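Visitor: Handing you a structure now.
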Amino acid sequence: SLQDQFDNLEKHTQWGIDVLEKYIKFVKERTEIELSYAKQLRNLSKKYQPKKNSKEEEEYRYTSTRAFLATLNEMNDYAGQHEVISENMTSLITAELTRYVQELKQERKSYFHDGRKAQQHIETCWKQLEASKRRFERDCKEADRAQQYFEKMDADINVTKADVEKARQQAQLRHQMAEDSKAEYSSTLQKFNSEQHEHYYTHIPNIFQKIQEMEERRIVRIGESMKTFAEVDRQVIPIIGKCLDEITKAAESVDHKNDSQMVIEAFKSGFEPPGDVDFEDFTQPMKRTVSESSLSNSRGDGKSEPKFGSKSKGKLWPFIKKNKLMSLLTSPHQPPPPPPASASPSAVPNGPQSPKQQKEPLSHRFNEFMTSKPKIHCFRSLKRGGAGPEDFSNLPPEQRRKKLQQKVDELNRDIQKEMDSRDALTKMKDVYIKNPQMGDAASVDHRLAELGQNIEKLRLEVQKFEGWLAEVEGRLPARTEQPRRQSGVYEAQNPSGVNSCAQDRESPDGSYTEEQSQETEMKVPATDFDDEFDDEEPLPTIGTCKALYTFEGQNEGTISVAEGELLYVIEEDKGDGWTRIRRNEDEEGYVPTSYVEVYLDKNAKGA
């Protein structure tokens, strides 16, 4: 029946709306996945970005790590494209289809409402036709009964003429009513047939046609949305392709030769390899005995050192510790490192230097190294936070040259800043002189004097570091103009001995001789003693201090402090503007004296 068709259409169109809503939900979940993926990509890129002011930033000077950094940046842009996909799908598909579903539901509701209304109308017309038909049938039966009664009365001779007339009139009335019912039934029938024709050939087809168009529009719309779904992805493919091209370009820029050269430049020490091992003639026992006694005398302990076989001597070079290598096998232009500034004064050799000895075999110095306790004092003291030598003499020559050059550049920048400040104050003073109402010209004199003193101090520092730099680069004779470390205990106590040693090591043609080893051998035991002293008894605290400002200890030997932090003082300011402090057993270093407020104990030794 027609009602069954309406029910079927109603179920099918509702199923179509459900499909549309399911697709909307699918696209919405896809957008959430894209956003989550983009967020995870951004977090991943951020996670592996180098941290500011950290060692990681230095690592990104290599082409391979720069390529990795470019990859991280491109992945960030890659994540941005997935966010674009999510935004476009939300605006072009999810939002549009959600609005369309609401309109579709209203349209479907109106069509089925019209269909039900038309169905009710035809049912009403059918009921009217049935009622007219039953009335016509009833009136016809009543007319037949009235006619039969009249004929019966007319044939009966016992009935009066008045009764017969009454029956005849009743029969005529019933017959007239039957005719009227017939006319009404005929009219109602014609009307119903017209309505029924209109219903089945006009109204219902129109409603079905509208429902069909509505359903086809829904199908077209979901197809267009699927096409948009693909187009949104396709639109970002060129940009994603560019990101991938940039990653490929960064990967192709990786230069293994350049990275290797940078590593060489970064760790190049400047030391020369050891010379040939001298032949030891065991057929001359007296000569060997003299050589051994000379070695013992130069070391000052009177003990002979055990020797290794000739097979082990050729293998010592690759395994020698860095600190001993500096002190034993240093090149002629690089002296051994002096004792650290924190060494005990009792460990410094104050006696006269040993007389020159004969040139000793290199194996004696190897044996001395292998039988002594290997320690790397400068590295350990840095680990505890202690400051290294001011002239960076604890570093290999090439690394020392780089550090000194950086220090000279830094001091020159500071001089330029101070000069700019002085020029600005000078101009301000001129303005005050010309316009006294704007300020007192004498008020800036004190600051100008301070700036002048600061500039002079910085220039002296530059000259000092340039002298050390020139010494390293070979432009000046080694340590003939000034002591290398003004803060070193040994050189401060015996500067003439240092200079005389440097001059004694020069041969008549200006080159150094092997006799430098005597000074080296004299200093090595002292360094070992200092190390042992440093390990067993750290510097005692002489007071406390409170940090007035936050200080970021980025330079070698300094320590970071936070404003308001309480720390221990282990060394007062020696006039260089730095105070040595300790946070705990493993953290100590220098901070600017002006950054802390110091409270010294009355009895420092008992602190």
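A Cβ is built for glycine as well, from the same backbone N, Cα and C atoms used for every other residue.
Quick paste of what TrEMBL says about this protein:
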{"type": "COILED", "residues": "150-181", "note": "coiled coil"}
{"type": "COMPBIAS", "residues": "333-342", "note": "compositional bias 'Pro residues'"}
{"type": "COMPBIAS", "residues": "493-502", "note": "compositional bias 'Polar residues'"}
{"type": "DOMAIN", "residues": "1-259", "note": "domain 'F-BAR'"}
{"type": "DOMAIN", "residues": "394-471", "note": "domain 'REM-1'"}
{"type": "DOMAIN", "residues": "540-601", "note": "domain 'SH3'"}
{"type": "REGION", "residues": "288-314", "note": "region 'Disordered'"}
{"type": "REGION", "residues": "328-361", "note": "region 'Disordered'"}
{"type": "REGION", "residues": "381-407", "note": "region 'Disordered'"}
{"type": "REGION", "residues": "478-524", "note": "region 'Disordered'"}
Visitor: Sort the residues of the domain 'REM-1' (394-471) into helix, strand and coil with DSSP and give the three counts.
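Guide: The composition, in the requested order, is 72 helix, 0 strand, 6 coil.
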Visitor: Roughly where does the coiled coil (150-181) sit in mean pLDDT, to the nearest integer?
Guide: 86
Visitor: From the DSSP assignment alone, can you count helix, strand and coil residues within the domain 'SH3' (540-601)?
Guide: 3 helix, 32 strand, 27 coil
